[in-house]
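Notes follow once the structure below has been shown.
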Amino acid sequence: MGCIKVISVFLAAVAAVDARAFFHNRGGNDVIPNSYIVVMKDGVTAEDFDSHISSVAATHSLNKAKRGSETVGHKDSFNINGWRAYNGHFDEATIESILKDDKVNYVEHDRVVKLAALTTQPNAPTWGLGRVSHKAPGNKDFVYDSSAGQGITIYGVDTGIDIHHSEFAGRIRWGTNTVDNDNTDGNGHGTHTAGTFAGTTYGVAKKANIVAVKVLSAGGSGSTSGVIKGIDWCVTDARSKNTLGKAALNLSLGGSFSQASNDAVTRAQEAGIFVAVAAGNDNRDAKNSSPASAPAVCTAASSTIDDQKSSFSNWGTIVDIYAPGSNILSAAPGGGTRTLSGTSMASPHVCGVGAAMLAQGVSVAQACNRLKQIGNAVIRNPGTGTTNRLLYNGSGR
């Protein structure tokens, strides 16, 4: 993706500053006022980073006193496989100062991120598992390798997960929460996606371990910086438990284009975590959405029971694979089930099959390519420039 590094709100104020330090978020009206993500150049040391943060804190305090600003300054720092960044709440004068530091790569607005699910249809049939394990449609049986993701850890970065649901018994733990103080799934979206990627009944990788990472509220929204903080936690956790190379991460969420979001998932993938991402539900080119537009991850578009593109699904050359996403039955908080539609439902199918492949010895670096190689070329009207490959687990059926 090309970087046109400009922040429009500072055109006059920062005209004399090196243009390489600016970045413009393409499209969208979801900017969080006065909130920014600052990304450092590769090779910046921990000492240089800490020195920069201290300098920013001093500048922010000075500008706050001088102008009566109500901004809160630096909030969280991130280090994802050597990718250093931070977010904060700053006035324009402080951002102008930040952009003058030659250690800064770019700055972008923090933005609202939302889940990628649509409608609920009561009592709809469950069909996705049968479809991804057969070359032809209409089969209800799910055929899969008996390893079923055993030994793999899947991070559900979402609205949280009901860790007491019987679908996940003995295989789940709570990870972290970057959005609020409520360590439950008040929305149900995260429980549903987890049920698809690793539930005992409705899941693809039925023996995988699960970690709940909450980055979206009960209302289904969060921030780019909150998602990045969650991803940072996942990489740190996997490294501490020596599971890099044996881990997957599902992101059934998205927002408008964000280079920081794309960089974060890319570094997570490079660290050794298979990343599956929802393409989005706007029936437009997914190149305008993040983190779906990150080339390094496995981006999933949504298909229907009759092997067509779901009407809502994003499309485009950035899409790696189609997967079942319309009317998918899975787990719901409180022990029940519900049916949802969206690319949010397609992504966990991809995540689950990817995790199962990792358990069989496929590398993180090759997993998405393998999915594309064996996918069935059956999707009708996939969209301009979009693959017609449908997810297949290689069962031989």
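Cβ atoms here come from the backbone N, Cα and C positions, even for glycine.
The signal peptide annotation in Swiss-Prot covers 1-19. According to Swiss-Prot, the domain 'Inhibitor I9' annotation covers 35-116. What Swiss-Prot lists as domain 'Peptidase S8' is 126-397. Feature annotation from Swiss-Prot assigns active site, charge relay system to D158, H189, S344. The N-linked glycosylation site annotation in Swiss-Prot covers N250, N393, and the record cites sequence analysis as its basis.
Across the domain 'Inhibitor I9' (35-116), mean pLDDT in this model comes to 91. All protein chains shown were included, and the count of other CB atoms within 10 Å of the CB of S344 (active site, charge relay system) stands at 32. The recorded positions listed here are H189, N250; among them, N250 has the most other Cβ atoms within 10 Å of its own Cβ. Secondary structure by DSSP for the domain 'Inhibitor I9' (35-116): 30 helix, 33 strand, 19 coil.
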